[in-house]
Amino acid sequence: MQKEKILVIDDEASIRRILETRLSIIGYDVISAADGEEALSIFKREHPNLVVLDLMMPKLDGYGVCQELRKESDVPIIMLTALSDVSDRITGLELGADDYIVKPFSPKELEARIRSVLRRVDKASSNNNLPNSGIINIGFLKIDVNKHQVYKNNERVRLTGMEFSLLELLISKAGQPFSRATILQEVWGYTAERQVDTRVVDVHISRLRAKLEDDPSNPDLILTARGTGYLFQRLNDSIV
């Protein structure tokens with residue numbers, strides 16, 4: 001069985017060495033880059049399964065790397081940030097990152113986040129509330145659950161793995177609101193003990209709306225349940 005490949009991008013050599021060693025021990029194939037330009041070159045050559053991305057780097061920072069990766073790939077991205085300003089982390093998420101960890105961090109915590117993200121992205125849908133055939137038509141959307149593909153007005157919409165998992169959760173119980181805490185647990189695998197900014201959910205909802213709604217500022221599909229969280233509006237849908 002081929003090992004999953006992880007690209008670690010960080011300008012601190014000590015962090016690269018620690019992560020290369022730890023992640024290799026638990027079974028990953030690890031490659032690394034010291035700056036953003038080198039990272040993009042390695043990415044195109046190696047096609048990793050997941051990227052661990054530091055935000056503050058020379059030549060091309062993490063924001064620029066994230067933007068470039070999202071132009072061509074839906075690869076899972078976990079940000080590493082020493083920035084205390086929440087707005088900086090939110091910017092990274094808005095550019096397409098799937099998750100973040102604040103420095104200094106425990107390598108075990110990062111290992112857990114990597115396993116959780118890869119498990120969520122790689123696994124086939126196992127939600128019993130979704131049809132076995134895997135095709136759901138909702139208004140102008142066609143959702144292929146098994147292939148993790150979404151079409152809007154018959155045109156393919158590219159979603160990251162986490163975006164699709166979030167959509168999959170919402171449509172599994174259309175019309176029922178999900179709290180942010182529930183979404184964090186079901187999609188990201190966070191337990192109640194881990195303190196995390198719930199705006200991770202808000203940013204991913206905004207990204208989904210931007211891709212799926214005709215008017216993201218006035219959504220018809222993914223609605224805000226005031227005081228609760230979010231829900232997928234029940235429409236005249238069909239299952240194939």
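Every residue gets a Cβ built from N, Cα and C, even glycine.
If you check Swiss-Prot, you get these features:
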- 74-92: DNA-binding region (DNA_BIND)
- 133-234: DNA-binding region (DNA_BIND)
- 5-118: domain 'Response regulatory' (DOMAIN)
- ASP54: 4-aspartylphosphate (MOD_RES)
Sort ASP54 (4-aspartylphosphate) into helix, strand or coil using the DSSP assignment. strand
Taking DSSP states H, G and I as helix and E and B as strand, how many residues of the domain 'Response regulatory' (5-118) are helix, strand and coil? 56 helix, 24 strand, 34 coil
Take the DNA-binding region (133-234) and count its residues per DSSP category (helix H/G/I, strand E/B, coil), listing them in that order. 35 helix, 25 strand, 42 coil
